[in-house]
């Protein structure tokens, strides 16, 4: 209840590259074999390849079609597939200072700004029709900076629906301008977990004062909240409910959605999407500013990349590998197994001169 009240108070001219179909080449790096598969170009689809390799297994290719954003680049058509991008905000000033932040509204550091821009570059070719962020500035800054890198060059515009007057005053009356804008919807339900009396405290000093085990329990248990704060379970209740009620209908309608939020609200959503247990989700870590892509198809979410960058080994405690799009079983990898998995997504689009290679995941499990 304290968490809900707190959140509600806050809510006020180069050669064209087009590969032959199914062409492939191989590259070996140490004991890891990377297989690149190139798809044919098309006017209304993007062909991608998802490659994963390990130090003990041969490489496996999963072909992937990214949903089209249509020829007009404006109103999305109802599609059998939609893209869902999840991004944790870039580094904040209190991340840098190792302080419990929670729902305190602090901005990004210069490093956080760079992370947001880099995130935008990673997703610049994925269609986006609507953006959801929390009500906190660090998530909103991340979304805005990321969209500045997008190939469609649309302007993200925050929708003010907190009152009838705010809605009326923020209306866009030019149809052409509206078509060149992307709505940004803010919601307190996507806010970070409210850390109660820990907010503003130094994490190391708090451990020294209350004991490392007690602070670890507050931070890493699923259902134990810090003093006058939220547990992860409480955070999940509001974040997942909002995701189901507001975001899923957009995906069902064929719209491509980006969500810029926080470590715990996104962990909650990922728990729902990947069907993680309460024990698995507490071991889940998300790096700041690293995008994660899901495809929504036939009512199911198919994960296409983990939120782990090339320099952040072992921060994602459990990685699920969907070996078959039609299989919901997947495979969970023990965080202690010594395998290195590398994911590459190769994007070829008719409008672009070169394939865009995006390193999605490099994590040592």
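Keep in mind that glycine also has a Cβ here, set from the backbone N, Cα and C atoms.
Automated prediction, rather than curation, is the source of TrEMBL annotations.
Record features (TrEMBL):
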BINDING   88-95, 101-102, 138, 192-195, 203, 219-220, 263-264  substrate binding site
ACT_SITE  89  active site, proton donor/acceptor
ACT_SITE  192  active site, proton donor/acceptor
SITE      262  site 'Transition state stabilizer'
Select the most exposed residue of 102, 263, where exposure means the fewest other Cβ atoms within 10 Å, treating these as the binding-site residues. 263
In the chain carrying residue 192 (active site, proton donor/acceptor), residues 6 or more apart in sequence that have Cβ under 8 angstroms from it: 101, 102, 103, 134, 136, 235, 261, 262, 263, 264, 265
Residue 193 (substrate binding site): tally of other CB atoms within 10 A of its CB: 29
Say we define neighbours as other CB atoms within 10 Å of the CB. Which of the recorded positions 88, 89, 203, 262 has the fewest? 203
Work out the three-state DSSP category of residue 88 (substrate binding site). strand
Residue among binding-site residues 91, 94 with least C-beta crowding, 10 angstrom cut-off: 94
